[in-house]
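These come from Swiss-Prot:
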| type | residues | note |
| --- | --- | --- |
| SIGNAL | 1-27 | signal peptide |
| DISULFID | 38-98 | disulfide bond |
| DISULFID | 54-144 | disulfide bond |
| DISULFID | 56-72 | disulfide bond |
| DISULFID | 71-125 | disulfide bond |
| DISULFID | 78-118 | disulfide bond |
| DISULFID | 87-111 | disulfide bond |
| DISULFID | 105-116 | disulfide bond |
């Protein structure tokens, strides 16, 4: 084997070892992102909601910074309620549709229905509120008490 091939192989192995420490995103978070984009009709990238305020994209604590952040707080509370019913919201994937008439859940199991309803309500809520760029990536330790 040529030395150049060995270097490439070594680089790939090292990068894979480093990537093993990065936890994968829950699948339903990806679904929720698509649901947000459907609800807001691509007005704002869904990733902009991942680190917004005190509750969007984090476990959440403190007082929400605005109504948009309250949407995420409500979703977190909905997820907590789903957990009380034996569901695992961050691991639960569900069936839904994005059509001309809007969003629609068409899941089968109790947990899928519950989690989809949480995400559906949150996506619709986010679509109704104004996005304030000043609340993106805030210092949550100082601001969210």
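Glycine too: its Cβ is placed from the backbone N, Cα and C atoms.
Locations of recorded Swiss-Prot features on the structure.
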residue	record	DSSP class
38	disulfide bond	helix
56	disulfide bond	strand
71	disulfide bond	helix
78	disulfide bond	helix
98	disulfide bond	strand
105	disulfide bond	strand
111	disulfide bond	helix
116	disulfide bond	helix
144	disulfide bond	coil
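Considering other CB atoms within 10 Å as the measure, the emptiest surroundings among the disulfide-bonded residues 72, 144 are those of 144.
In three-state terms derived from DSSP, residue 87 (disulfide bond) belongs to neither a helical nor a strand segment and is classed as coil.
Shown in sequence order, 60, 61, 62, 63, 64, 65, 69, 73, 138, 140, 143, 144 are the residues of the chain, 6+ apart in sequence, with a C-beta less than 8 angstroms from the C-beta of residue 54 (disulfide bond). Listed in sequence order, 49, 50, 68, 69, 71, 72 are the same-chain residues six or more apart from residue 56 (disulfide bond) with CB atoms under 8 A from its CB.
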